[in-house]
There are 2 protein chains.
Amino acid sequence: MDQRSVADLSEDELIASFVALLPRGSSTVVPTGDDAAVVAAPDGRFCVSTDVLVEGRHFRTDWGSGADVGWRAAAQNIADVAAMGAAPTSIVISLVLPPQTPVAWVHDMCRGLSQICAPLGIGVDGGDLSAGEQIVVAVTVHGDLGGRMPVLRSGARAGDVVAHAGVLGPAAAGYALLESGRRGGSDEELVAAFLRPVPALEAGPLAADAGATAMMDVSDGLLRDAGRLALASAVVLDLERPETSVPDDVARLADAAARMGEDPATWVLTGGEDHGMLATFPQGTPLPEPFRRLGTVRAPGAWQVAGQARPAGTVLIGGAVPEVASTGWDHFRR
Amino acid sequence: MDQRSVADLSEDELIASFVALLPRGSSTVVPTGDDAAVVAAPDGRFCVSTDVLVEGRHFRTDWGSGADVGWRAAAQNIADVAAMGAAPTSIVISLVLPPQTPVAWVHDMCRGLSQICAPLGIGVDGGDLSAGEQIVVAVTVHGDLGGRMPVLRSGARAGDVVAHAGVLGPAAAGYALLESGRRGGSDEELVAAFLRPVPALEAGPLAADAGATAMMDVSDGLLRDAGRLALASAVVLDLERPETSVPDDVARLADAAARMGEDPATWVLTGGEDHGMLATFPQGTPLPEPFRRLGTVRAPGAWQVAGQARPAGTVLIGGAVPEVASTGWDHFRR
């Protein structure tokens, strides 16, 4: 075990100590190590998205390993390009490290990046390091559309079917268990769902190929993200109660919720970080696996609840405005 | 003047308040606002590099404006893709903000990004926000090679001419003036060189077109970066004293150095952040403007100083191992 902290090494020495841990991708033309990397973009366009994780906000070093942080930083970014219908090709990472950060933690984080990226052929093609007061992991991911039209949030039309691929709630349950300190031996799966989410990556390009009219990654909770899609598309999303349409998740959540005194429906509707894909398809489209029907797109105005027309951006659950707090995660407002 | 801090707004409100300040680029296909942006890559490859700026390390909010920070974050990244021979096309930015950060500072930073990006046709095509303990600005930049071969650090060959485009030392002088608190009225130009560096962007593609064998952005000081190029190319760089070859810089630095009791040669040789381009060209190549000859590439071993063969990676100044500390900036080692 490496007992050094990053302050014991120069920047060049630190980089040299971990660069071999990072995967070269199948699209990497010039790997990390020069002023910039060069990545293949056979489509003639590339998708790009960036996400930042901050110690004490998105992760705690006593909740999981450096590898968990590396995995999650990559996973949530990769989900964003998948949600456009693209296949991920390359990531770069900027890393802020307090001087006392163990070198072993940094190496472990690189291993976590590699564990999710290498099997997908994604290269870790560049990075930058700085000292700072808390660990910050800023990842930028790129994807190739392979000739597909990018699937935007704004394309849902009245009459379309709403569908979801992936899980809803387990990451929020895992977060609640970690935060409460009441994590039991049977909770490993839920805790792992938070520490190492497995986005519905293949579902993105499959949905694009199947003719999805709109799509997005569910990262801030179903209600909040569905509201964003509805607003961008100027529609109302009329969803069934997801616990009736996604029964596997509820079975996994019920036990933890009972012990925590929580309503599992709150995790399902407002829990973020599961990184499933929410998409809309023209009525009659055979839904590609693993999408499950979640509801219907309605025109705003035409659709009334208790005699009131609902504006664009509204999300209905079981025909009603949901009772749970629907804001989901917000970094600034408290 | 907006008196609010970022804690007064939700994340969505904050984003909505500044997104119109950010430029859409000439290569932007799908702009920021969806899960990912889509950027044109007509070359079929793209260059990518990432750099992070940390409050208190790379900038201080009492030294300059938010616009200065936005400008510099973009400038130093753009220089990295230029140093491959590419034209910059698109940036994305992750931003960590303490809750008390003024909204006006964030808007100002967006304006600084736009001031450097918009005239170059570079889009600010995505971003992410988080709260944190100190301001962190992580920028990723992309460039298009336009059919050029990327110019690596590793291609310099014995007999090549070493050349530099841009300035050497002014940013280090500006930093020293700011840090000392002894900034005078006549120092605005040097202070601006640190706060708003103007990289030798056009020089990158011009050098590639002229047949440069190796190239890099000088961001950590001439000696340190020349040493990296020499090591990557397994050669020795035999440089003239840059103050004799780049006289304009010395004239600008001499006055400040005299007042500070510093040797301007130290700023020229070890000062980072000017973001000039260091390149090597085959002997006899007419140097493209604004490159100036700085020396000659030598084979390691064959070249002796005081009877000792110099190993690959050595940088000689005026035929001798330089006397100034050559390490340049290092984030971790103190």
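Cβ from N, Cα, C; glycine included.
The feature domain 'PurM-like N-terminal' is assigned by TrEMBL to B:33-143. In the domain 'PurM-like N-terminal' (B:33-143), helix, strand and coil residues by DSSP number 35 helix, 46 strand, 30 coil.
Under the heading Mg(2+) 3 binding site, TrEMBL lists B:D35, B:D80, B:D217.
Feature annotation from TrEMBL assigns Mg(2+) 4 binding site to B:D35, B:S49, B:D80. Sequence-distant neighbours of B:S49 (Mg(2+) 4 binding site) (same chain, 6+ residues apart, CB-CB distance under 8 A): B:N77, B:D80, B:V81, B:T140, B:V141.
Close to B:D51 (Mg(2+) 1 binding site) in the fold, though at least 6 residues off in sequence, lie B:A73, B:Q76, B:N77, B:D80, B:A138, B:V139, B:V141, each with a CB less than 8 Å from its CB. Annotation source TrEMBL lists Mg(2+) 1 binding site at B:T50, B:D51, B:D128.
Residues or ranges marked as Mg(2+) 2 binding site in TrEMBL: B:D51, B:D80.
Under the three-state DSSP scheme, B:E273 (substrate binding site) falls in the coil class. Annotation source TrEMBL lists substrate binding site at B:H58, B:E273, B:W329.
If you take the C-beta of B:R153 (ATP binding site) and look for same-chain residues 6 or more apart in sequence within under 8 angstroms, you find B:A214, B:M215, B:M216, B:R228, B:L229, B:A232, B:S233. DSSP assigns B:R153 (ATP binding site) to a helical segment in the three-state reduction. For B:G127, B:D128, B:R153, B:S219, the entry in TrEMBL reads ATP binding site.
The annotation Mg(2+) 5 binding site is assigned in TrEMBL to B:D220. In the three-state DSSP assignment, the secondary structure recorded for B:D220 (Mg(2+) 5 binding site) is coil.
Note: B:T50, taken in sequence order from the binding-site residues B:T50, B:D220, B:E273, have a C-beta within a distance under 8 Å of a chain A C-beta. Using a 10 Å Cα-Cα cut-off from B:D220 (Mg(2+) 5 binding site), the binding-site residues that qualify among B:D35, B:T50, B:H58, B:G127, B:D128, B:E273 are B:E273. In this structure, the CA atom of B:G127 (ATP binding site) is 20 Å away from the CA atom of B:H58 (substrate binding site).
Within the set of binding-site residues B:T50, B:H58, B:D128, B:S219, B:E273, the entry lying nearest in space to B:D35 (Mg(2+) 3 binding site) is B:D128 (CA atoms). If you take the C-beta of B:H58 (substrate binding site) and look for same-chain residues 6 or more apart in sequence within under 8 angstroms, you find B:R72. Annotation for B:D217 (Mg(2+) 3 binding site): spatial neighbours B:A79, B:D80, B:A82, B:A83, B:P199, B:D225, B:H275, B:G276, B:M277, B:L278, criterion Cβ-Cβ under 8 Å with sequence separation of six or more. Per-residue confidence over the domain 'PurM-like N-terminal' (B:33-143) averages 96 (mean pLDDT, predicted model). When the CA atoms are compared, the binding-site residues lying within 10 A of B:E273 (substrate binding site) are B:S219, out of the candidates B:T50, B:D128, B:S219.
Counting other CB atoms no more than 10 Å from each candidate's CB, the binding-site residues B:T50, B:S219 peak at B:T50.
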